[in-house]
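The feature transmembrane segment is assigned by TrEMBL to 27-46, 66-84, 127-144, 175-201, 247-270, 276-297.
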Amino acid sequence: MLIENCPIINVNVKVWLFWAYLRKPKWYSYLLGCVPVTVLNVFQFMNLFNVIASGSGDMNKIIIDGYFTVLYFNLVLRTSFLMGNRGKFETFLEGIADEYAVLEKQNDIRPLMDQLTRRARILSKSNLWLGAFISACFVTYPLFSPDNGLPYGVYIPGVDVHASPIYEIVFVLQIYLTFPACCMYIPFSSFYCTCALFGLIRIAALKRSLEKIHEFNTSPRSLFARIKECLQYHEDIIKYVSDLNELVTYIFLLELLSFGMMLCALLFLLSISNQLAQMVMIGCYIFMILSQMYALYWHSNEVREQSLEIGDSLYYNSAWLDFDQSVKKKIILILARAQRPLAIKIGNVYPMTLEMFQSLLNASYSYFTLLRRVYN
């Protein structure tokens, strides 16, 4: 099965294929997408440095410009990592497509598979629509702002971006670049969530196989072969989660550091803002951060929790103590390995769980209250 035809991942894959981030490079796609977005981010960093160095910007401007600069840097980094590891991503996605085609033929797992596939597709599409809506807010906010600034603060050496007609040209270009920027950021998060959902499907398939292991008890040879297949499939799942972790762990480490800091800054800006339009926009920014990060941590937590139940499916649903000694050794291997949960880690150190997400929120709120107290 081709990766663009695999239902659980094809929404994000088609976006990546459209911009030529996968398979054969297309330079005209890069010139229309990631290259100008990267140049925009460079100008954003120059603007942020200029504002801070000159002391000409107030706290509101610094925080908003800093948020967009970090956001665009994150999406440029995501895309660069994807293109730099194009082969690994393609191999990983092809493995999903091949395994999906195999699992489709198993009637006992098919209902759950259809359910999680629908969830993955709804999640991917809703993320794109949410990204489009928030992006539209990004570019229309200056129309309601009293300072008539640009959607994203930029500094171009030797050019006054606030003078007509340069202002209008830059404004239109930023509106256009918001679309490829959205396509560079959103699909990566959706890619991880859909891969985590497919991991849940594979774990469920293994649990169903272990629950029915007693049906082969009449033939020791068949029972041994079956439990050996389950052990191998468990190892395949472990490798699958390990490969997924390798593809996302350091990107998510950057998000943890950057967006935790930006969440604190946005909360502070919300508390001191007295403009309704700005308060609404800040609320949208905060909602985008929380919704994206919650989806990442929730799906990671589900993989972790479900992997811990693999041993329970075998331990409580089969009289494995009555099996042959060779079979019991294989079962003990599965039970022992199931005690170590499968986890996606931040920087290969901390597992992504809902507890960690709560800790991130607590830390951001603590720094917000400290910043607010110092400001007062």
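Note that the numbers count up from 1, one per residue, in the order the chain is shown.
Using the three backbone atoms N, Cα and C, a Cβ is placed for every residue, glycine included.
Nobody curates TrEMBL annotations by hand; they come from automatic prediction.
Within its own chain, the transmembrane segment (247-270) is flanked in space by residues 59-60, 63-64, 66-67, 70-71, 73-74, 77-78, 81, 85, 88-89, 92, 188, 192, 279, 282-283, 285-286, 289-290, 293, 296, 344-348, 352, 360-361, 363-365, 367-368, 371-372, 375, which lie at least six positions past its ends and keep a Cβ under 8 Å from the stretch. Below 8 angstroms of C-beta separation, residues 16, 21-22, 25, 34, 37-38, 40-41, 44-45, 47-48, 138, 152-153, 181, 184-185, 188, 250-251, 254-255, 258-259, 261-262, 265-266, 285 of the same chain, each at least six residues beyond the ends of the transmembrane segment (66-84), sit close to that stretch. Most Cβ pairs under 8 Å to the transmembrane segment (175-201), among the stretches 27-46, 127-144, 276-297, belong to 127-144. If one looks beyond the transmembrane segment (276-297) by at least 6 residues along the same chain, the residues whose Cβ comes under 8 Å of a Cβ in the stretch are 60, 67, 123, 127, 130, 134, 137, 141, 144-145, 189, 192-193, 252, 255, 259, 262-263, 266-267, 269-270, 352-354, 356-357, 360.
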